[in-house]
Amino acid sequence: MAASCGGRVVVFPFPFQGHFNPVMRLARALHARGVGITVFHTAGARAPDPADYPADYRFVPVPVEVAPELMASEDIAAIVTALNAACEAPFRDRLSALLSAADGEAGEAGGRVRCVLTDVSWDAVLSAARGLGVPALGVMTASAATFRVYMAYRTLVDKGYLPVREERKDDAVAELPPYRVKDLLRHETCDLEEFADLLGRVIAAARLSSGLIFHTFPFIEAGTLGEIRDDMSVPVYAVAPLNKLVPAATASLHGEVQADRGCLRWLDAQRARSVLYVSFGSMAAMDPHEFVELAWGLADAGRPFVWVVRPNLIRGFESGALPDGVEDRVRGRGVVVSWAPQEEVLAHPAVGGFFTHCGWNSTVEAVSEGVPMICHPRHGDQYGNARYVCHVWKVGTEVAGDQLERGEIKAAIDRLMGGSEEGEGIRKRMNELKIAADKGIDESAGSDLTNLVHLINSY
């Protein structure tokens with residue numbers, strides 16, 4: 001454990017599961033190195049459970065009220081903008097109260113506040129902390145390459161790369177190799193100008209932060225991290241994989257679906273590297289037709305699988321029953337769960353492939369466990385992640401087409417797991433990447449984490 005100089009870090013995760021988990025995992029890594037933690041969190045259904053965390057954590061609810069119908073929508077730009085607008089004043093009030101308590105009764109407050117550590121999506125939080133004279137560190141839970149897209153987004157819109165047009169989708173983006181136009185970050189469900197404005201605010205707040213922390217492998221994204229460091233002129237740290245740097249621990253929000261651990265017992269009875277794990281994360285959704293195609297693609301492939309069908313995965317339906325005829329085809333070789341302990345599933349020796357939406361957390365976890373991927377990005381940064389996985393690192397294969405189709409699904413599974421030369425090459429490269437990731441934990445990520453603790457203790 002690193003020596004602590006006393007005081008605490010105020011940690012404020014963004015209330016989406018894919019953002020929340022890495023920030024809380026990072027907080028646990030800092031805590032293990034002697035840093036006191038106070039968690040600010042949105043109140044209500046998206047609050048963390050204190051029982052899941054060390055006894056000396058402190059939890060401070062921040063009332064953030066956004067219309068439920070907006071939160072239930074897929075308009076990411078509007079949701080994030082509304083959350084920031086609703087959060088700024090109550091966050092400032094609670095941080096001010098904590099600062100006053102720390103000045104008056106350090107025992108009650110747990111020591112003085114050294115800094116705020118928050119998701120870069122909370123641009124209002126970064127600005128409010130700075131306004132109160134508190135150093136603020138931003139955490140990027142996506143890749144460094146995605147942050148580089150954030151930085152260039154307004155230019156990409158102004159130059160006509162976005163919105164994506166059919167006739168240009170395969171064109172190279174000269175300003176951002178290795179991206180093609182169709183790989184660029186985007187959300188079809190929100191207004192492009194509003195999204196560009198949001199990213200502009202995120203970058204502006206990040207430039208004025210006291211430092212940026214990326215959940216990424218330093219050895220994979222070294223060049224991109226260097227470009228960001230030079231352009232932003234703030235300290236930059238890379239800490240990944242957090243699932244290897246920090247002991248396994250629960251990090252979840254009230255109201256999230258609990259993981260079904262029964263699938264692990266089922267995996268125990270399967271042959272090594274024979275099972276395909278299928279999960280599209282905590283937010284991606286698909287149309288009912290695609291769900292049917294995916295079910296039949298898995299059935300037709302004839303390979304054992306664990307499939308996560310979470311509530312609200314299928315647009316317009318709260319849950320998903322297998323289509324008629326599929327259950328009989330997959331009985332005994334397919335397990336469907338509402339949620340899975342993903343890190344443990346990917347680490348299981350029976351798992352030989354991961355059919356994924358290519359969210360960044362899932363990508364990091366797959367690389368850290370050496371599990372090759374079948375990629376079908378759905379929105380946001382997933383297109384760019386798939387570009388790196390399949391065409392730069394070459395540790396995965398893509399399902400052809402914009403919509404899931406059973407024949408293309410079966411073909412992708414056969415390419416990866418059917419003993420082909422392509423599949424063997426993918427597995428070999430993924431194993432090499434895993435070895436490099438394991439080596440980099442101590443050499444790079446661990447040292448960046450140590451340097452981050454030193455920075456925090458210097459405040």
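From the backbone N, Cα and C atoms, a Cβ is placed for every residue, glycine too.
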In Swiss-Prot, ALA340, GLN342, HIS357, TRP360, ASN361, SER362, GLU365, ASP381, GLN382 are given as binding UDP-alpha-D-glucose, so which of THR141, THR155, THR189 is in that site too?
THR141
Residue with minimal Cβ packing [other Cβ atoms within 10 Å] among the binding-site residues THR141, GLN342, SER362:
GLN342
Give the helix, strand or coil assignment DSSP yields for THR141 (UDP-alpha-D-glucose binding site).
coil
Given the recorded positions HIS19, TRP360, ASP381, which one has the fewest other C-beta atoms within 10 angstroms of its C-beta?
HIS19
So which recorded positions are near HIS19 (active site, proton acceptor), with CA atoms within 10 Å, out of ASP119, THR141, GLY380?
ASP119, THR141
Please work out the number of neighbouring Cβ atoms within 10 Å of the Cβ of GLY380 (anthocyanidin binding site), leaving out its own Cβ.
23
